[in-house]
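Accompanying notes for the structure given below.
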Amino acid sequence: MAATPADASSSSSEAVVGGEKSNKMITLISSDGESFEATEEAAKMSVTIKHMIEDGCADDGIPLPNVPAKILSMVIEYCNKHAADADDTNKHVADPADADEDDDNNNNNASAGEKEDLKSFDASLVAVDQATLFDIILAANFLSIKGLLDLACQKVADDIKDKSVEEVREIFKIENDFTKEEEEAVRKENAWAFNE
Amino acid sequence: QPMGQGPAAKRSRSEHHHGAGDAPSFRMEDLPVDVQAVIMSLLPLKEAVRTSIVSTSWRMLWTFRCNLSFKGPRYLHENDTKIQQAKCIETVNCVIQQHSRIGINKFSIRCGLFEEDSVHLDRWIRFAASSKAKIIHLDLRFKDVFEEVNHLHLEALLDAQGSSFLRSLFLGGVVIKPHSAICGFTILRRLVLQSVTISGDFTGFLANCAALEDLEMIECSGLTNLIIPQQLDKLQHLLIDGMEVEMVEFYAADLSHFEYKGQVVPIVHHGCSKLKKATIMFSGKKGLAKAFTAVPSILPVKILNVRSVALSKYSQLQKLPTRPDGMFMHLRHMTCRIIVHSRPQEANYDIEVLQLAYCLDAAPQLETLQLNMFYVSSSGVSSAEVVGMRRHDHLKAVFMSGFRCYKAQIKLACCILGNASVLEKLTIEPRITGTRYLGDNTDLHKILPGVCEWAQLTSERFGKVINVSEKKAGGKTTATGSKTNRAGGK
């Protein structure tokens, strides 16, 4: 289940001409020993990996003992998809004439269609079971991929939002281990939040 | 088996579960603390606090939330102000008492405060200081009251060592007494004061905030002169709005954007200027002309925003000096907002619109002009004439909103069409935009045909493209144009 070379090359061929963009492939090794390939551009979405590449530790492949294969392939998928978009965003320079309050936001980097595409990709990436979501968060945190971490954390927050306590316990499979007295005390402590 | 990072291995809680029979799949408590804080911060405060009841391991999660924002009543003379306000105060006190004080990024309270509540204010300040908040926003104004009564001691924002982690500070509706011995705000980047009464040595205090990049002062009182000391050499943005000062003086060698709204006063800027952008709104008569003549320091700008509320008419248009050292030789983009407010039936009630033609003469390098007009009253006589507007060899794009074929608007448009040799297109829009006034846009369908007809005729007369824009929600569409082969807006 490695990221195919086809994916990698298509994302780099979409990129607009610019800076130092190499088509160099980086090998990432999951905790269970599987190897994955990703373009340097995509891999550098992880600040952790970026530093390792820059420090020259990446030549023989980068072992990631904290990230299992299943999660690593999802992470790479995310990076591939977002690497191209991130590049376009960095290139756009603000127009000095767009100073006024009422201006339309005409500074669209990706087209509206591409943005929608990305949004639905993101949504489906985190529409997973809780265990997987947990692992994605840990991986994104370890690899310092801000976009992915924010995305996954937002999903968790969305799972909590507007739900009753029982529903939250259900979703996250948590046992209520408060005693009656303890629960009362907590409710009283923050009465303002529990009274509607 | 998910690999956990973070706190040491906890006993698996799988033994406690029925149902699916697996180990719990999402152990919030095993996430790194800063990730927990992020998740808690993505929930509204109330919901975050409610998670404390989910389980014992979730109980304290919310206390690491990085942003705390509270809102209370802002108007004194409303029915349940007292009750709502008391509720807000209670909530704030409750939350800050339990919060871990770790990792606070933003601490924000927007709630009108009475003088007798000062004990709470002190408590909140102590919390903000001890929790090393990076952003503090305290807006304690009652918006319908004009006297500030809440005293705030700036020193109280410093921690025990006399230093501060504060990056951004907003204070509203308080009384402060700054002085030059307060030197702990060394990393403060942004300072906004709104409706603040200032006594003491404000300039001396500012001199110790050498990291300041953004300073905004809105309707503050107590200062006779506003002097920005030269230590603020990183200042990029300076905004002065509605201050009753007699003089403004600043060094600010790095200043990029200067904004001034208020009476015409001497504005002195020392040193050579890196100013790129200026926003000027002078109250009183002839606001537009004064914006172009009264502030020599803004001459180097590339972008200029001027606002004028034409409350009183005047009879003479003012020609601007055309010496090179009095002109805006670098000005490329200008936006202008004119609100015409004169009493109806007055002659030349909208002469300010025509004044713009002469003001443009001071900007020979201008490339784009955006003019937003709003006629609050529109019955009157417009008899002034523009004579001898200069030729513009760089003006390519002009946009006018609120264009409803009033006489002065037509005269101005024709002046521009006649004198702008490289003008690619003039876009006009009857809709009122670019102002917070609630303009009347409901009769657009009646006005549009007349505007289109004028556009057609005028376009043919001058041989230039005139687009009439009928802005719909989510983008511009061009209605009938004239000699145009391009659709599209600005």
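Easy rule for this one: first residue shown is 1, then count along the chain.
Glycine residues also receive a Cβ, built from the backbone N, Cα and C atoms like all the rest.
Whatever TrEMBL says is automated annotation, not expert-curated.
Residues or ranges marked as compositional bias 'Low complexity' by TrEMBL: A:1-15.
Per TrEMBL, domain 'SKP1 component POZ' is recorded for A:24-83. Model confidence over the domain 'SKP1 component POZ' (A:24-83) stands at 89, taken as the mean pLDDT rounded to a whole number.
The domain 'SKP1 component dimerisation' annotation in TrEMBL covers A:146-193.
Under the heading region 'Disordered', TrEMBL lists A:1-22 (among others).
The region 'Disordered' annotation in TrEMBL covers A:87-114 (among others).
Remark: secondary structure over the domain 'SKP1 component POZ' (A:24-83) totals 27 helix, 12 strand, 21 coil, with classes taken from DSSP. According to DSSP, the domain 'SKP1 component dimerisation' (A:146-193) comprises 36 helix, 0 strand, 12 coil.
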